[in-house]
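A.B. asks: When I checked TrEMBL for this same protein, it listed these features:
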DOMAIN    84-200  domain 'Plant heme peroxidase family profile'
Amino acid sequence: MGCSSSRQALQKNVGTGENVEAVREDLLRVMDSPDWDDGSYAPLLIRLAWHSSGTYCQADGTGGSNGATMRHAVEAADPENIGLERARALLESIKEKHPWLSYADLWILAAYVAIEHTGGPRIEFTGGRVDAPAEKAVAPGRLPEAEHGLAEGWKVDAEGRMEGWEKLAQHIRDVFGRMGLSDREAVALICGGHVYGRCHPESTGYKGAWVENPT
């Protein structure tokens, strides 16, 4: 198949610009709800996209948003993904309405719309991600763990730092470094991501917002 034919096939698979705009509009219709934190599912959809992407390994190309492998039991059962079944279920009606769009593309586009809806920039969407079978799902352990290496009982040292912080810092470097990201990029993602939404004890063990004025 020539390059021109390949591009046409890909365009057919990911839809036209008009089709993508229709999906954006449908996403906005389900974005806000009085039944969820502060009246919006936007933070939850951003978390879905991040956890889908955060399994990526630069060295071998496994994991990441391409594949939407959180649909499968082994990845859905990762303790760090608890609670995201609500986000996946929320998007099912949109997937049914727009079957040409892969789950992998839908999850990322939903986060783009959520970011714009909450005051962030409009992110232009490039589709083409392909859903993968269960054997492509990655085992738990690739996502960052908030308490990795910390001493039990939340003990602090003489300088007020939690005992075990060095192990947690190295864990963060290992996780984000595996994706090809620098310390600076890791800090930006962690700090920026945690201004969104609230924690739920049934999912993370924590309750409430990370910041005083969550987005």
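Here, residue 1 is simply the first one shown, and the rest follow in order.
Cβ atoms are placed via backbone N, Cα and C, with glycine included.
Automated prediction, rather than curation, is the source of TrEMBL annotations.
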A.B. asks: Give me the DSSP three-state residue breakdown of the domain 'Plant heme peroxidase family profile' (84-200), ordered helix, strand, coil.
C.D. replies: 56 helix, 3 strand, 58 coil
A.B. asks: Let me know the model's mean pLDDT on the domain 'Plant heme peroxidase family profile' (84-200).
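C.D. replies: Per the prediction, mean pLDDT sits at 93 for the domain 'Plant heme peroxidase family profile' (84-200).
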